[in-house]
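Colleague: So that we are looking at the same thing, I have put the structure below in structure tokens.
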């Protein structure tokens with residue numbers, strides 16, 4: 001199984017817009033001073049995906065070369081529920097997962113990020129097992145060892161979502177890792193909302209040690225940088241600009257400096273758009 005090597009530089013970017021073509025997300029990344037980006041490869045709120053054409057692939061790969069961006073991440077659609085108890089939704093999700101991963105391989109994308117799923121009316125234990133089965137079924141796509149890693153995103157713990165605890169993510173990874181390349185994308189707002197106090201250096205030290213003990217730091221492959229509108233442990237997913245929420249700017253400077261996290265690709269998902277991201281990237285690169 002292919003193991004994607006870590007970056008050779010500290011990569012920082014944002015979730016940019018693919019309006020008018022997937023390649024435009026890369027050019028917007030260049031314009032805001034990013035060295036990597038996250039994007040949607042299809043409409044995130046629809047089941048039906050547009051067909052990826054060779055022209056789209058060529059445009060994207062040309063833009064990759066022209067912008068020198070690397071370790072691009074695709075964020076899978078919001079309708080996906082890999083652990084859905086409803087058989088129809090589960091099948092739709094698995095079809096979308098297959099198409100998403102196949103498109104990422106064609107485009108030369110490094111990471112594809114998924115929300116782990118929601119139990120809804122069923123137990124979380126059953127949801128976790130269905131999620132493992134969903135991702136394990138993607139194994140044939142990786143037979144030729146494409147340089148792509150599937151990431152499970154940490155969740156805020158709202159409702160019946162799974163993936164808000166490191167223990168749940170560890171259970172998923174143990175069940176999936178023999179079948180496909182798998183890792184974790186840590187969302188700072190989400191883990192704070194789920195009760196992990198990362199508002200100080202001391203807090204981060206405890207959280208990273210706990211992550212390493214439960215999951216293993218080798219599985220931490222990327223970070224979503226978001227401050228939080230709501231206080232610690234409120235299980236509410238509401239992003240705030242860096243330094244303007246309940247986490248605070250010192251937490252993000254820690255991530256930019258600490259040897260365990262400095263080289264992990266980082267993606268802003270803060271509200272405000274390109275103008276704010278330009279300022280945040282400059283701040284994180286220069287001030288931190």
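Every residue gets a Cβ built from N, Cα and C, even glycine.
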Colleague: If I go by Swiss-Prot, which of 75, 210, 239 binds Zn(2+) 1 at the same site as 115, 153?
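Modeller: Among 75, 210, 239, only 75 appears alongside 115, 153 as Zn(2+) 1-binding in Swiss-Prot.
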Colleague: For the Zn(2+) 2 site, Swiss-Prot lists 153, 187, 269; sort out which one of 179, 224 goes with them.
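Modeller: Answer per Swiss-Prot: 224.
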Colleague: Return one of helix, strand or coil for residue 187 (Zn(2+) 2 binding site), based on DSSP.
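Modeller: For residue 187 (Zn(2+) 2 binding site) - judged by DSSP and reduced to three states - the answer is strand.
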Colleague: List the Cα distance (Å, whole number) between residue 269 (Zn(2+) 2 binding site) and residue 153 (Zn(2+) 1 binding site).
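Modeller: Here the two Cα atoms lie 13 Å apart.
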Colleague: Cβ within 8 Å of the Zn(2+) 1 site centroid (75, 115, 153 excluded): which residues?
Modeller: 76, 113, 114, 151, 152, 185, 187
Colleague: How many other Cβ atoms are found within 10 Å of the Cβ atom of residue 187 (Zn(2+) 2 binding site), counting all protein chains shown?
Modeller: 27
Colleague: Can you grab the distance from residue 75 (Zn(2+) 1 binding site) over to residue 190 (Zn(2+) 3 binding site)? Cα atoms, rounded to a whole Å.
Modeller: 16
Colleague: C-alpha of residue 153 (Zn(2+) 1 binding site) to C-alpha of residue 190 (Zn(2+) 3 binding site): distance in Å?
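Modeller: A Cα-Cα distance of 9 Å.
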